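Participant: Have a look at this one.
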Amino acid sequence: MQSVFNATRVSAVVGGKEIILETGRLANQAHGAVWVQCGGTVVLVTACTQPLERDMGFFPLTVDYSEKMYAAGRIPGSFFRREIGRPSERETLVSRLIDRPVRPLFTKGFRDEVQILANVISADQENDSDVLAVTGASAALSISPIPFEGPVAGARIGRVNGEFVLNPTMKEMEASDLAIVIAASRDSVVMVEGEAHFVPEDVIVAALEWAHKEIQPLIDAQLKLMELVGKAKMAVTPPVENAELKARVAELATTELDAALRIPEKMARKDARKAVKEKVLEALLADPALAENANLGREVGDMLGSLEKVLVRRRILKEGTRIDGRDTKTVRPILIEAGLLPRAHGSALFSRGETKSLVVATLGSSTDSQRMDSLVGDVTKKFMLHYNFPPYSVGEVKMSRVSRREIGHGALAEKALKPVLPQDDSFPFTLRVVAETMESNGSSSMAAVCGGSLSLMDAGVPVTAPVAGVAMGLIKEEGEYLVLTDILGDEDALGDMDFKIAGTAEGITAVQMDIKITGLPTDVMARAMAQAREARLHILAEMAKVLEAPRTELSKYAPQHAEVFVNPDVIRIIIGPGGKNIKAITAATGASIDIEDSGKVSIFAPTYEAMEMAREMVQYYDQRAELGKNYVGKVRKVLEIGAIVEILPNLEALVHISQLDTNRVEQAGDVARLGEDMTVKVIEINGDRIRASRKAVLLEEQGVEWNPEDTARPSGPPRDRGDRGDRGGRGDRGGDRRGGDRGGRGGDRGRGGDRR
């Protein structure tokens, strides 16, 4: 559609699809605004900056991704019918996906506040918006005056029938064994995030290399847009470093700081570093000129941080020795305990060095699944992994609330474990795994993966294979790359990469890579993945010593499950008016009941006895009448020809007046009274029509043989009816007045057939 606004547009063909980058139509007062479109999916990304009154000591970047429900022609399901409240889990994860590749690319020393907003304003439910938002953020920053050293582009890699697909459609993703989001610059990959179905390391590397080449047109398009509308970048004046103070700090601290950084224990090392800082400050404050510097404490802290980085990295590169004394490939000591929580369905305590995670698995019913409102409609999740990082895990005091980091780590661990879970209806339970970080000194999310796998096996969940994960680090100096296995928290902070890789012995199930340098060659990634495989196999071997396979039975405290198939016509009866019947079953048994339109009823109960009771109560509403069986029913209607008796829920039988008693009955109401119980025998089933007899029951009670072939004939001699004289003009009425060949009073009497 041709715009009447003065817009500038460029495009690139990537993965066989045109991706449009446009600016000038919307949000022109933003410092940078780009409309990114692929098919019918459109994301508007804006970038704005403003100076701060004082230096915060860090770069204040905020990224928020939002999905507007109108984009898919939907109205929000909230009470106020608008997008309010906290972001959804997906919105949080995509916000992180945008943040991670762009954050390292801001010019060093730039400390102004920056806000990136990505709003999905059109969604065709075919082309995913997340990778468009990554590219849009880079484009908005690139054309803005914000000092950003991009561009980068984002794309998703799929693999269908062994062939790589770039930016696959949502339909293609259903058949893909790979789903990796990559962000890359002209020269190298800067971010990786995704999941795989037991894919080998070499395939992952090949996918990254292939995708890096394929997304280059998006880099070209952004450079073209910069040429057309790009603004001059803001000048960044890096803070002037006090060389004299830096030299003095190094002189005072180097020896003792190096010794402190050789202490293996995290908290002892932290205390020693703190003591070094205090000693240095004490010596410096003795100088009256320095004592007047209000920022001395922060400046010294920054200088000591830089010195720590130099000392640690130099020792690793020159000596091959890390902070805790390990070489570059050794995994920290592993300790595992399974089943330590007596009433939990499954539990495991996984410890790797000073990182420890208590992971608990819980089985629930299908009604416990998570239902989410999204652009593609209502989405249901039957597996959830929640990662918690309480402040006590690192000896700190903080507000205890779920952070974006916790959501991101939980999502990564969830991706890692999902491929090994039962994929069919044979395992109908909802699963929730909670990873409580007890201690943290690096790689706590991968501890959640290992502990999560063990807790599921402890619960008896039939996973196809154990899963383990490890975090890899990197030291890069003067073109030399050194990969570190199982990094510590300090190595994460002082190093150049955090590359988390999880999988089974067969292959990879989840990856996540963040770097602090401008890019990473794929051959270095290949080396890191090969080294990670060695570590993963070692960890899996340690896990197998404690729990080699899932327990043969589910936890006795897990819900008991049964499936019942009922006639779909009785579903409304099982539910009852206003849910009366199903609520009664739930109240009596404590069971959770899920009924499908097909007639499949899933029962989840706290005990086996409760499950059986719930099953019987459900089946009670789906009973079929049996010929010759006695039933105690309620009289629902009294008619001229007899009574209607409800012998089973919503199943009624006609008791003809001739079958109400062993003696002649003149009026049905003499025997049958509305709402009273009546015991009857089913004597005929003809499709949906059922006939029953009270007389047959009475005869059986008297020990008199009842002849089902003569259901209308009363027992005993007929009553003396006296001389009734000539009835005149009515002819032969076909035998016995009480039935005989008349077929009972239900025959054709010229009143519309059977009068049931």
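Each position is counted from 1, following the chain as shown.
Just so it is clear, glycine is given a Cβ too, placed from its N, Cα and C backbone atoms.
Here the structure is a predicted model, which means the values were calculated and not measured.
Features from Swiss-Prot:
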type: BINDING; residues: Asp492, Asp498; note: Mg(2+) binding site
type: COMPBIAS; residues: 718-756; note: compositional bias 'Basic and acidic residues'
type: DOMAIN; residues: 559-618; note: domain 'KH'
type: DOMAIN; residues: 628-702; note: domain 'S1 motif'
type: REGION; residues: 703-756; note: region 'Disordered'
Participant: What's the number of neighbouring CB atoms sitting within 10 A of the CB on Asp492 (Mg(2+) binding site)?
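Facilitator: That number is 18.
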Participant: Looking only at Cβ atoms, how many others are within 10 Å of the one on Asp498 (Mg(2+) binding site)?
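Facilitator: Counting Cβ neighbours of Asp498 (Mg(2+) binding site) within 10 Å gives 21.
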Participant: Restricting attention to the domain 'S1 motif' (628-702), give the mean pLDDT.
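Facilitator: Over the domain 'S1 motif' (628-702), the predicted model scores a mean pLDDT of 91.
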Participant: For Asp498 (Mg(2+) binding site), what is the secondary structure state per DSSP, taken as helix, strand or coil?
Facilitator: strand
